Amino acid sequence: NSSDLSPSSFILASIPGLEAAHFWVAIPLCSVYIMAVAGNCAVLFIVKTEPSLHVPMYFFLCMLAAIDLALSTSTVPRVLAFYWFNTREISFGACLIQMFFIHTLSAIESTILLAMAVDRYVAICHPLRHAAILTNAATVKIGLAAMARGVLFFLPLPLLLLPLPFCSSRVLSHSFCLHQDVMNLACANTTPSVVYGLTAILLVMGLDALLICLSYLLILKSVLRLALWKERLKVFSTCIAHICVVLAFYVPLIGLSVVHRFGKDLAPLVHITMGNIYILVPAVLNPIIYGVRTKQIQRRILNLI
């Protein structure tokens, strides 16, 4: 019963039946968060100090690491405070700010993944022009364009929710704020917010996913022209890390979208679990994937250990 709350607050979702065990539930969540922070900070440090990695592909990897740090840090500490100190209430303004960061950073990450796919396409299909096309200056411009694109497309989401009245029941489906979740609690016509949110996702994440698939179709076409299977595997192996990172980002994103769209009757635990996977899995897996696939990163990590 949240009718006694001020009209400017929401209640974060708890795990039904495990309220008494929240302290212990938060320990593995905190451990995963520490792994994500340590891994992404290690990637940033290694790329900065390893001259052989000062190329566009690893500059894009640094951007991914910074985005993952920002995305997980904008959500997990608040979730841990909820689990450890039972601070379930979050103000309306803080909820909108957190929502903006989550969706905007996700859009920026999607754009960077597309840029990395284009980098692989140029490196494999037009190797002689790679250095001229993807210069360091071009990499910086792509990063700034990705940031501007994310902000411009997803800034209207909290602004569309700002004037809406909300019902007395203000319990969210997750331990943090997402646009779809907050929008479902509004006691007004949410059609503009629904239409704009769907349009923004299709024009950013949807379009990026299609272009990434197109890039890999062109890469595959170029690889199949090689005469020897050993050469084909060697060339295509340079894309394996990026393919894994793309899957680590888009699979939780699609899963969370499906749960919101068709999973209204699912147990609350499913919503909470999918939300945590969406926030933490890419942040944890990205440095591990590139650490396994990149010898320079492996060597520097061993030296650090």
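Cβ from N, Cα, C; glycine included.
Small disclaimer: the values here were computed from a predicted structure and weren't measured.
Quick look at what TrEMBL lists:
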type     : residues : note
DOMAIN   : 39-290   : domain 'G-protein coupled receptors family 1 profile'
TRANSMEM : 20-46    : transmembrane segment
TRANSMEM : 58-84    : transmembrane segment
TRANSMEM : 90-118   : transmembrane segment
TRANSMEM : 130-155  : transmembrane segment
TRANSMEM : 194-219  : transmembrane segment
TRANSMEM : 240-263  : transmembrane segment
TRANSMEM : 269-292  : transmembrane segment
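Long-range contacts of the transmembrane segment (90-118) within the same chain, counting only residues at least 6 positions beyond its ends with a Cβ under 8 Å from a Cβ of the stretch, are 7-12, 57, 60-61, 63-64, 67-68, 70-71, 74-75, 78, 142-143, 145-147, 149-151, 153-155, 157-158, 161-162, 176-179, 182, 200, 204-205, 208-209, 211-212, 215-216, 242, 245-246, 249, 253, 279, 282.
Within the chain, the transmembrane segment (130-155) has long-range Cβ neighbours (under 8 A, six or more residues past its boundaries) at 54, 56, 59-60, 63, 100, 103-108, 111-112, 115, 119, 122-123, 200, 203-204. Within the chain carrying the transmembrane segment (240-263), a Cβ under 8 angstroms from the stretch's Cβ atoms is held by residues 64, 106, 109-110, 113, 116-117, 120, 173, 178, 180-181, 201, 205, 209, 212, 216, 270-271, 274-275, 277-278, 281-282, 285-286, 289-290, 292-294, all 6 or more beyond its ends. Taken together, the residues in the domain 'G-protein coupled receptors family 1 profile' (39-290) have a mean pLDDT of 89 on the 0 to 100 scale.
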